[in-house]
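Trainee: Once you've had a glance at the structure underneath, I'll fire off some questions.
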Amino acid sequence: MAEPSKISDEIKQEIHDETLPPWKEAWRNFKKNKIAIVGLSIVSFFILVAIFAPWIAPEGINDQKLPERLQSPSAEYWFGTDDFGRDIFSRVIHGARISLWVGFLAVVGSAIVGSTLGIVAGYYGRWVDTIISRLFDIMLAFPSILLAIAVVSILGPSLQNALIAIAIINVPNFGRLIRSKVLSVKEEEYIMAARAIGMSDFRILFSHVLPNSMTPIIVQGSLAVATAIIEAAALGFLGLGAQPPQPEWGAMLSSSREYLIQAPWTMFFPGLAIMLVVLGFNLLGDGLRDALDPKMKT
Amino acid sequence: MLQYIIRRLLQLIPVLLGMTFIVFLIIRAIPGDPAIVILGQQATEEAVAALRETLGLNNPWYVQYFEYLKNLMTGDLGESIRTRTAVNEEIWPYLAATFELSIFAMVIAVFIGVNAGIISAWFRNSWFDYGAMIFALIGVSVPIFWLGLMMQYQFSLQWDWFPTTGRENVRDPVNAITNLYILDTIIQGRFDQTLNVLRHLVMPGVALATIPMAIIARMTRSSMLEVMKSDYIRTARAKGEKMFWIVYKHSLKNAVIPVLTVIGLQTGLLLGGAILTETIFGLPGIGRYIYEAISSRDYPVIQSGILVVAFIFVMINLIVDVLYSIVDPRIRYN
């Protein structure tokens with residue numbers, strides 16, 4: 001008589017699952033995905049490193065010890081030293097602050113601007129939609145790094161301007177995503193009901209349409225942080241982003257390029273850091289997509 | 001079919017016009033007076049004023065914009081301030097270098113990516129599958145400028161397998177006809193040079209191919225898994241057809257669409273990535289051309305360079321869309 005009780009357990013579990021709040025269900029799905037957990041761990045690790053950077057780093061970012069320049073990795077200098085005798089380990093740790101900061105801020109900026117434009121376009125439709133959608137099409141017609149370089153050449157090379165450029169080039173990605181989501185949400189019955197009871201457009205947009213479009217924003221956001229970090233590093237590498245002596249990973253790669261033969265470790269570790277943090281956000285984004293919105297899975 | 005292509009071409013017109021306008025705005029927004037850039041800092045005020053007048057810089061912006069559009073229509077891309085040569089005359093060798101690099105990279109990406117994806121799907125959950133997918137996950141996350149530098153260190157400076165920089169052996173330069181050096185050397189029967197040009201292409205090509213290769217491998221794998229579950233594949237297996245033919249003949253046909261999508265999307269990244277790859281490997285490509293123009297404020301080159309690249313990007317996406325509708329006629333009606 002073991003069979004019936006087993007089935008009833010399964011049914012119980014199913015009923016339990018169906019009554020879970022959506023975020024709990026998402027977390028349950030997320031936890032099952034080992035790769036996503038690896039992503040979350042990598043990202044959490046880098047966030048912790050960034051927060052506690054001044055306490056973890058054994059030396060200051062600009063402590064120069066010229067007699068000890070270009071030392072290979074050792075017990076004292078884990079990642080070696082650069083051409084000014086600065087400890088690369090300490091600089092890479094501080095670099096996490098810059099990269100995460102730029103990544104998050106640029107993505108939050110483009111998510112806010114992009115979502116607003118996308119909501120307006122999707123909700124009002126007609127000529128408003130035509131203008132905004134065409135603008136997105138045109139922006140997407142440029143290779144993104146080229147557009148970023150153009151924006152930075154207007155504003156002047158600096159970390160802050162690189163951040164603005166990255167935020168701008170990512171706007172259409174969010175805009176398009178939200179626009180299509182709004183188009184489908186708009187036809188739902190509860191929106192019609194809200195309109196029927198005389199709710200204002202503004203309230204409908206921000207208390208009904210936006211919350212129901214959050215899932216793709218979160219997923220896209222996580223993946224966009226990954227690209228934003230790479231783009232910021234690329235601009236830094238081209239001399240258009242963070243400027244030396246800022247310990248930005250891309251700028252570090254660019255300033256130690258001439259020592260590639262003598263001291264490859266000056267290039268190895270900053271690049272490895274970029275790769276790991278980007279990998280973390282990519283895995284996290286994939287995991288979130290599968291957990292929150294299985295339909296988006298490709 | 002023709003109707004579809006015409007409709008797509010008509011839709012392009014506002015996008016292309018918008019692109020010219022944005023590029024026009026960007027150039028106007030870059031700080032610095034073009035007249036001073038051309039004449040140098042020592043120029044007298046009168047000379048600057050006179051040049052501003054001849055360049056039409058004193059006209060209202062919309063007059064300048066229409067003047068610019070008119071020139072574009074006649075194929076006039078302006079004249080480089082640095083070299084005093086018409087941009088449409090000097091741009092081709094740079095474009096050709098980038099084309100050669102991008103095509104080479106795309107061939108690597110598609111060949112390895114598609115095959116890795118197929119084998120992964122075929123031997124699902126095998127060691128090959130896990131290895132390839134871990135490789136693909138890392139591949140999409142690697143900054144290509146770093147990868148390029150590391151390859152330079154290992155394969156060129158340490159092992160001396162490939163030349164560090166450049167497109168050709170400078171002591172035995174290629175006699176340029178089309179500026180696509182592989183083609184040029186084959187036409188001239190200089191196969192020793194072909195080999196040399198290929199050796200120069202390997203490292204930048206692999207660096208540039210890494211990201212699209214990883215994405216193509218993942219997309220191919222998941223669409224192959226989807227297709228291999230379908231009924232007609234089971235029928236083919238039941239008929240006793242060899243697994244190899246089922247995979248490469250029946251399934252692959254259906255896995256083409258996602259691969260096409262990636263190729264379309266990745267071309268933009270490829271053109272962008274070319275800037276970084278060209279910088280690292282000292283290749284005289286279009287990315288390098290624009291980047292150097294920006295640092296020396298060569299406005300006509302920046303303007304036309306960005307526009308040409310964006311135009312190519314848009315056209316490639318159009319071609320990909322048309323290919324879609326050939327592969328899958330259902331798409332035409334959406």
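Glycine too: its Cβ is placed from the backbone N, Cα and C atoms.
Curation does not apply to TrEMBL; its annotations are automatic.
So TrEMBL says this about it:
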TRANSMEM  B:12-30  transmembrane segment
DOMAIN    B:95-324  domain 'ABC transmembrane type-1'
TRANSMEM  B:101-123  transmembrane segment
TRANSMEM  B:130-153  transmembrane segment
TRANSMEM  B:201-220  transmembrane segment
TRANSMEM  B:255-281  transmembrane segment
TRANSMEM  B:301-324  transmembrane segment
Trainee: Does the transmembrane segment (B:301-324) come near the transmembrane segment (B:130-153), with 3+ Cβ pairs under 8 Å (pairs 6 or more apart)?
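Mentor: As far as Cβ distances go (cut-off 8 Å, pairs 6 or more apart), the transmembrane segment (B:301-324) and the transmembrane segment (B:130-153) do not touch.
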Trainee: Applying the under-8 angstroms CB criterion, which one of B:12-30, B:101-123, B:201-220, B:255-281 scores highest with the transmembrane segment (B:130-153)?
Mentor: B:201-220
Trainee: For the transmembrane segment (B:201-220), find every same-chain residue at least 6 residues outside the stretch whose CB is under 8 Å from a CB in it, and list them.
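Mentor: Cβ under 8 Å, 6 or more out: 100-102, 104-106, 108-110, 112-114, 116-118, 120-121, 132-133, 135-140, 142, 144, 147-148, 151-152, 155-156, 162, 182, 255, 258-259, 261-263, 266, 269-270, 273-274, 277-278, 280-281, 283.
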Trainee: For the transmembrane segment (B:255-281), find every same-chain residue at least 6 residues outside the stretch whose CB is under 8 Å from a CB in it, and list them.
Mentor: 97-98, 101-102, 105-106, 109-110, 113-114, 117-118, 144-145, 148-149, 152, 164-166, 203-204, 207-208, 211-212, 215-216, 219-220, 222-224, 227, 287-288, 290-291, 309, 312-313, 316-317, 320-321, 323-324, 327-328
Trainee: Near the transmembrane segment (B:101-123), which same-chain residues lie under 8 Å Cβ to Cβ, leaving out any that are not at least 6 residues past its ends?
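Mentor: For the transmembrane segment (B:101-123), the far contacts come to 129, 132-133, 135-136, 201, 204-206, 208-210, 212-222, 224-225, 228, 243, 247-248, 251-252, 255, 259, 263, 266-267, 270-271, 274, 277-278, 283, 285.
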